[in-house]
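J.: Annotations for this protein, taken from TrEMBL, read as follows:
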- D118, H218, H222, H228: Zn(2+) binding site (BINDING)
- 128-322: domain 'Peptidase M12A' (DOMAIN)
- E219: active site (ACT_SITE)
- 329-496: domain 'MAM' (DOMAIN)
- 494-617: domain 'MATH' (DOMAIN)
- 685-725: domain 'EGF-like' (DOMAIN)
- 736-759: transmembrane segment (TRANSMEM)
Amino acid sequence: MSTSTTTVKYHCEQCAAIVECTKKKLKKEIFLKKRLLSQSLTTELDEMFKGRARCKEMLCFVCFSFLYDSPSIHVTAAISKIPMKHCYDDAQIIIQVTVVNQVSLVSIEAGLNLVEGDILLDERQTRNSIIGDQYRWPKTIPYYMEDDLEINAKGVILKAFEQYRLKTCIDFKPWNGEANYISIFKGGGCFSSVGNRHVGKQRLSIGTNCDRIATIEHEFLHALGFWHEQSRSDRDDYVKIMWDRISEGKEHNFNTYNDTTSSSLGVPYDYGSMMHYSKNAFRNGTEPTIVTKIPAFSDVIGQRMEFSDSDLLKLHRLYNCTQGSTFLDSCDFERENICGMIQGQGDEADWVRITKADGGPNTDYSNMGKCTGSGYFMHFSTGNASIGDTARLESRLLYPKRGYQCLQFFYYNTAHTSDTLKIYVREYDKANPNGKLRFIKTIDGPPEELWQMHHVSLDVKTKFRVVFEGAKLASGSVDGGMSLDDINLSETACPEFIWRVKNFSNVMDTTPTNTPIFSPLFTSKEGYTFQMELYPSGKAGYPNELSAYAHLAVRPDETGQKWPCPWKQMTMMLMDQHPHIQKRMSNQRSVTTDPNMKATGSDLFFWDDPRKVGVEVKDTDGTTYFRGPGAGTAVYLTHLRAKSRDFIKGGDAIFLLTMEDVSHLTVTQPLPSPTGPPGTTNTTAADVCHNVQCLNDGICVVDEGKAACRCDVGDDWWYYGDSCQHRGSTQDKTNLALATSLSVLGVMLVITAISVICVKKKYKKRGNDDVVMSNMNAT
């Protein structure tokens, strides 16, 4: 049995509870959303510390769980096996523990009261979070990124937000004092609460190795109100849980919840959901724990690439989304209305919708000729045009919000080398009610019998159309022309570089294991050169995987860069080539250059000048350059997934590469100003609620800057009062209503009786008066 000393830092709120030793008694500090110490545990601790002076020694469930999967162990047993001392400074706990045997991530997470591996529950929470508007966030969610997050994780979080904006109506904004917000921190793993818990500061952990975009999107789907797909009430109709293959104590992760407490929102069971467990989740050996009843989906479940169509449909239904926040347009020309595009003004020729063109292409790009009766694209035949003729194809009217856009399209060019394709925008404003053309870019490159992908960055701030202008400038008759397909426009930043790997299936099948191929060299806007390294058959020990790494590079005579390279994030995306950008499930990983990172076993900086820490390499053109060490992952994507969907189209794979400066993320996110927006607060719930005690499992929250107790509520009972000290129930309400009704009835009877008496007296008096008058008249 081996021992090792491990130092772990946790913020106070991560601990289930903290017990402080005092002269007279133990003081319980109950933190937001966390477990309350049981009375038996409190008694046991009291006996343990009896007679001690004030000592600042503390115990928490996180520590107890280093050796135990359950946080309910006896404290004395934990103390006897783990010598520990906690130093507490009101800001964080530093836990130094001598650990016997190896500590697993699951063990640490067990102390955080996690269920289903990554869901954080408080004791009051049941599995009905997806049902009830009270658990919904506003469509724009405030967030705060805590300083302990890794810089790479911060950059990937922002990329995940962009995917939410592109594909849903959900947006994110830096916290500016709103009463409820999501605070993202580096905890012991990846986990989140489900739904809006209305607790002020709601924490979501993106720990070590959680900095993958799909993992972050997954955790935020929990926060938005979603449970795991295999938790559905109809789960057993689609998969079989192999209970005997599940690790002991992990069976609860495979619970299902009936449809009165968790809703599937009318969406069929989705094997491809990013919220589904993989087939090997929590297994105790080598056999799968989840067996799909349709065998073809066995290796589909558990994908962590992107939102599935069903994930998006459920999110749209839950939040009443109609369109992505940053999505503008997409067109594959399969419909006759060509997505509302029009033939432009003042041209001499037209773009036509066809399925095959003389001189090429023979198919569209969307379907590659696979579907009968479809496969359309737009074509301008330069062979039938006269010199000087132009053909303009204009998009429908578009209304930007952000002021920057990315135009993406596929272009097949069989025209003459002198013929041109230009991109314009037609902008509309008060001075130009009919629109004014503004030139953006000429699409360069010689004719090639290949659908090629292009990106064009736009900067439009007013109503506009995108204009494709083809022009015949060469003399003579040449069969062919210009063809367009799969146009997408969004208010996002364009990828910087494209690496197309031809015949990719064959490359994967024939490249030996542990043999890399390299992309061309790409140079960023700031002058740094980088390169992607890809192992098509995986690194040694990782068969049937794609392994991917990013390297810095430099040519012998290059100057002007700062070394070690500071905080540049390199992203490597294998693009799902689906025609519609919102339906793509691309796979990506990011690596960030930390200038302080040392090379393993060396005093050299990992991201230093490649001429100093790298190797000299001969390029394909015979020139030399220096390639630095690489960072990335050996498990970028399995071969099975790489051959699914549209990762490979026309035989080719497309990698989109970027290098972005993320140095601004090293700075602490600003806190809200004291004069925040009305009805909000810039004080966290933990600060304001520190000395507030809510009884009967109530939770303290911040309401307009003041502490307020949110009381526990059941199906037919509830607590109320400033400290949740009073209890009410439907029976009490019924009794009260009955008593009130009886009281009202009694009052009404009294009033009625008095009224009857008064009327009788009145008519009796009137009768006497009439008698007197008659007698008088008689005389």
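Here, residue 1 is simply the first one shown, and the rest follow in order.
Glycine residues also receive a Cβ, built from the backbone N, Cα and C atoms like all the rest.
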J.: Counting by DSSP, what is the helix, strand and coil composition of the domain 'MATH' (494-617)?
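T.: Tallied per class, the domain 'MATH' (494-617) gives 14 helix, 44 strand, 66 coil.
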J.: Give, as a single whole number between 0 and 100, the mean pLDDT over the domain 'EGF-like' (685-725).
T.: 55
J.: Where does H228 (Zn(2+) binding site) sit in the DSSP three-state scheme?
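T.: For H228 (Zn(2+) binding site) - judged by DSSP and reduced to three states - the answer is coil.
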J.: Measuring Cα to Cα, how many Å separate H228 (Zn(2+) binding site) from the residue listed as 'active site'?
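T.: Distance (Cα to Cα, whole Å): 10 Å.
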J.: Other than its own, how many Cβ atoms are within 10 Å of the Cβ belonging to H222 (Zn(2+) binding site)?
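T.: Cβ-Cβ neighbours of H222 (Zn(2+) binding site) within 10 Å number 23.
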